[in-house]
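Asker: What TrEMBL lists as domain 'BAAT/Acyl-CoA thioester hydrolase C-terminal' is 273-475. Under the heading active site, charge relay system, TrEMBL lists Ser302, Asp392, His425.
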Amino acid sequence: MTAMIKKADKEAVRRLQSLRSILLHSIKPPLRHDTTASSLMSSPDSPTLLLSNSPQQGCSIAIKPMLTQFDETVQIRVYGHGQNAKVTLQGLVRSQWRKKEVVFVSHGHFYTDQQGNLDLNTDPALDGTYTGVDPAGLFWSMRPLPGHPQDARLVIRDVTKPLVVTIAVFSGHVTPDDDTVAMTSPAKPLCVTRVHRRILAPGVKRIEIREGRIRGTLFLPPGRGTHPGVIDMFGAAGGNMETRAALLAGHGFAALSLAFIAFEDLPKRMMDVQFDYFEEATAWLTKHPAVRAGGLGVVGVSSGACNAMLMAIHCPQVKAVVEINGPPFQIVNDFLRQGKVFQRAVVTDINKVEERQKEGFITRDCYVITDEDYFPIWKSDAHILCLVCQDDQQAAWEHAVRVRDLYPQHKGHLIDVVMYPGAGHLLEPPYTPHCRYCYNPVAMGNVLWGGEPKAHAVAQLDAWKRTIDFLHAWLVDTSSSGSDMEQPQ
C-alpha cells in the first residue's frame, strides 16, 4: 500500500512538472529559469505573473487585476511555496524627492497555508510595515528605505504614467534592506512581479490650461456631452499637483487641477496671490463646453481648502465644497482682491510655533482666533463637507467644529464635519503612503504633518468615498441629501 502511494505521489509530481513546463513556454516572450530580479526591474514589458526564478522552487505570484486604477485595490496571491512556511512579501517603488532618488519599501511577514499558498485578502500579516488582513497594505504602508531621506514624500509627478510597484516574495521573515531591494544573493527572492497603478482612467483626456492668468490642467471623462465640473487645489507648497483631479475625472467629473502659487509665471509668494484669480478660474470652468450647467464643486486641502471656503462665499457658481484640513480663517498675510485687502490675516503668536528636531514645525496652536475671524461660510448656500484629522499638527480640527456650530439653525443641514482620529494633515487619495513630515518650501524646512500610518490609511479611504459621493449628490443628483452621511467607525 505504501509503495502504491509513493508511486502515485511521483506520478503527481511528474504531471505537475509537465504542466509547469507548458506554462513556462506558453508565456510570450518566453521566460527563462535564470530570469533575474534586476532584469525584471529594468524591463517595462515584464509580465505581471512571473514564475519562480529557480526550477526547484515552484513559487509564483498572481495579481488581479494586472493593471488597476490607483484608487482601487488588487488581489495578491502566492502559490507553490512550502506548506505552513514563513514568507515575506516586499513592495518597492523608486521615486524622486528634491532631486534625489528615494526607494520606498513596505513588507509583511506571513505563513503559507497547508497547500503552500497565501492570499492577502484573507491571510494576515503578522509583522512588518502593516499587520492584519489588508490586500492594499503593501501600498499604503510604504516608507523610505533606511539610509534614504526619511523626510521624503511619495509624489506622483506624471499622471500619464502608472506608478510601478515591484512586489517580491522572500523565503523566511526578513526586513527590507539594500540586499532585498537589489534582489541579489543572499537576498534573492523566490519570485517577483510588478503592479501598475494607473492614475488616468482609460479615455480620460488631459488638457494643459493656459487661459488668461489661469494655469492648471483640465481632465475630461470619456464620452460625449457635459460633465459636472470640479476645481481641485493642493496647498501652499506650490506647483500643479494633478493626481486627485485626474482620479476625479475617472469618476465622471470634469476636474481642473488649479495651480495658484510657485508654478510657471504664477506668484512665488502667498502674499502676492489675489482672490480674483480664483474668481477668474471659476468663471472660466463654468463656461467650458464640456462642463454641465448648474454649478461647480471645489476640493481643496490645506491652503487650497482656505481658497475653497472663500470661493463658496464669494463665487455664486460654487455649489459644493470639500474642505480638507484647511483653517477656516486667513493665515500669515492679508488676502488681496484687485489690489485691495479682501480678507485680514489673524494674529500669529510666534511663541506658540513649536519646532521638533528632524520632524520640523508645528503651527496648529499658534493662531489667535475669535469668532469674528472665521470665514462666514454660513452666508453661502453651498454644501460644505469638512474632512478634518485629529492628529493634524498644522490645522486644528476644533475650528471646523466651531464653524459648524456658528451656522444658523435653518442652514445647519448645509455643513457636515467628519473627524478622523489618528490621521494627519496630508489627507490624499486612498493608498497613498502616509507622510508624517517632510520638507516644505514655505517653511524652508521640515514640517510635521502628523498622523499614524494605519489610521491615516483608513481615513484616506473613507474620505475619498465620501468626496465622490458628496460631489455626485450635489452636482449630479441634487435631490440627494448630504447631511445624513454617517461618521466613520
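Placement of Cβ uses the backbone N, Cα and C atoms for every residue, glycine included.
Give me the local environment of each listed feature.
Answerer: Mean pLDDT of the predicted structure over the domain 'BAAT/Acyl-CoA thioester hydrolase C-terminal' (273-475): 97.
Around Ser302 (active site, charge relay system), the same-chain residues six or more apart in sequence whose CB sits under 8 Å from its CB are Phe234, Gly235, Ala236, Ile324, Asn325, Gly326, Gln394, Ala395, His425, listed in sequence order.
Spatially close to Asp392 (active site, charge relay system) yet at least six residues away along the chain are Asn325, Arg364, Ala423, Gly424, His425, Trp449, Gly450, Gly451, judged by Cβ distances under 8 angstroms.
His425 (active site, charge relay system) counts 27 other C-beta atoms within 10 Å of its own C-beta, drawing on all protein chains shown.
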